[in-house]
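Okay, so here's the structure we're looking at.
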Amino acid sequence: VSLQMMKHAWDNYKRYAWGLNELKPISKQGHSSNLFGNIQGATIVDALDTLYIMEMKEEFEEAKEWVEKNLDFNVNAEISVFEVNIRFVGGLLSAYYLSGEEVFRKKAVELGEKLLPAFNTPTGIPWALLNIKSGIGRNWPWASGGSSILAEFGTLHLEFVHLSHLSGNPVFAEKVMNIRKVLNRLDKPEGLYPNYLNPSSGQWGQHHVSIGGLGDSFYEYLLKAWLMSDKTDEDGKKMYYDAVQAIETHLIRKSSGGLTYIAEWKGGLLEHKMGHLTCFAGGMFALGADGAPSDKTGHHIELGAEIAKTCHESYDRTRMKLGPEAFRFDGGVEAIATRQNEKYYILRPEVIETYMYMWRLTHDPKYRQWGWEAVEALEKHCRLDGGYSGIRDVYNNHESHDDVQQSFFLSETLKYLYLLFSEDDLLPFEHWVFNTEAHPLPVLHKDDGNKEENQK
Ligand code: DMJ
């Protein structure tokens, strides 16, 4: 089924928005988000590995041809370093590792080089925004006192380690190792990492902590950096398990109805709200269970299962059986959005991502059932003649569509659905880690270097 869904999403993108970033399935035209500046083709690059994994060979070839002929980074464009890294660098790296086609390696390294000027700050903590022609960077004007964002500068590590690996140029890995160093030197309030860090002063901005937006994938990349290093990156490991400990103490709570949730921490006060983005953490906890101190393994799996259940409830308690952007545990409600501007669903993957991890790690059939419920809801409410669209209010009787088919729907949501219903030996966890946009990157095995030696 996810293959049919992918075909529908891809065919319509191809028909109405080919070469542009995303598809508007109602207007039947291209959609360009300013996150990618003038760089084009986000959906193509994001979808490459999904097409490959689903064995959609013709489509993969046409995508490859587009990349060869048209993907161009010599443009005057201000881009989001984070978004371009996770979608374009990540997408190209996966396409290279899966297919072995040199063009993807070349383009990934070329783009990586374009991103390097973002690190030209007094601390080496990169800017959020970068003009890839002039090399001038800056931060989001709304971010606390000129800060960079934890989930942005903390979500470069996996891709940059691979860029060094593939180019032979150590500079990429050095840049991300330096971010680690800066973070390790800083005092952390209650052991927590604030979402904002000033790249000039090297000091934290506002003490807001989140495992959802602005924080999320920083934690994910600590764990995955350790896994991707074949469990040699001890520093990443320690930072991850210490952070989880602090998160458990200060952010994780249980509602009176028995639902475990992860709240937001604002200078010591809790906001009892959980974002759809935060739902990825169920999968993360379960994935990290194996490396936890032996008496804690079961506990981390359990935590993952509880978050999965809570996020499933956030879907189940809506009219459309699709989850809202954020849901609350206060004012007498549990796992329900109370504010109008938090009731939308934009084809996000995090809940299905967690089902996929929980399925692989426990084989409890309920995760496939929950995934199936999501498929049915997507088909009923988001599928249109012209592709898939997000929904403005998942509690409403009638769909109001936002007219955007997000590129992460093809790279993540549909890929995680496909994996949820595949055998465990498709991209097995011992050999692959998924970047935060669901692009698989190979584990760099300790003996890889020797292997070639041995073969000689
Ligand atoms: C994706 O780009 C990535 O999963 C990112 O980590 C968070 N936001 C979207 C999906 O919701």
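Including glycine, each Cβ sits where the backbone N, Cα and C put it.
Here's what TrEMBL has on this protein:
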- Glu83: active site, proton donor (ACT_SITE)
- Asp216: active site (ACT_SITE)
- Cys279-Cys311: disulfide bond (DISULFID)
- Glu325: active site, proton donor (ACT_SITE)
- Glu350: active site (ACT_SITE)
- Thr436: Ca(2+) binding site (BINDING)
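Look at Thr436 (Ca(2+) binding site): DSSP puts it in coil. Of all the recorded positions given, namely Glu83, Asp216, Cys279, Cys311, Glu325, those whose Cα is no farther than the 10 Å limit from the Cα of Glu350 (active site) are Cys279, Cys311. Counting every protein chain shown, the number of other Cβ atoms lying within 10 Å of the Cβ of Cys279 (disulfide bond) is 31. The shortest Cα-Cα distance from Glu83 (active site, proton donor) to any of the recorded positions (Asp216, Glu325, Thr436) is found for Thr436. For Glu350 (active site), the number of other Cβ atoms no farther than 10 Å from its own Cβ, over all displayed protein chains, is 24. Glu325 (active site, proton donor) and Cys311 (disulfide bond) are 11 Å apart (CA-CA, integer value). Within the same chain, residues at least six positions away from Glu325 (active site, proton donor) with a Cβ under 8 Å of its Cβ are Gly275, His276, Ala337, Glu342, Lys343, Tyr344, Tyr345, Ile346, Arg348. Note on Glu83 (active site, proton donor): other Cβ atoms within 10 Å of its Cβ, all shown chains, come to 21. Spacing of Thr436 (Ca(2+) binding site) relative to Cys279 (disulfide bond) is 13 Å (Cα to Cα, whole number). According to DSSP, Cys311 (disulfide bond) sits within a helical segment. Secondary structure at Asp216 (active site), as computed by DSSP, is helix. Of the recorded residues, Cys279 (disulfide bond) and Asp216 (active site) place their C-alpha atoms 10 Å from one another. Taking a Cβ distance under 6 Å to any atom of ligand 1 as the criterion, the recorded positions Glu83, Cys279, Cys311, Glu325, Thr436 reduce to Thr436. Classification of Cys279 (disulfide bond) by DSSP places it within a helix. One residue stands out among the recorded positions Asp216, Cys311, Thr436 for having the most other Cβ atoms within 10 Å of its Cβ: Cys311.
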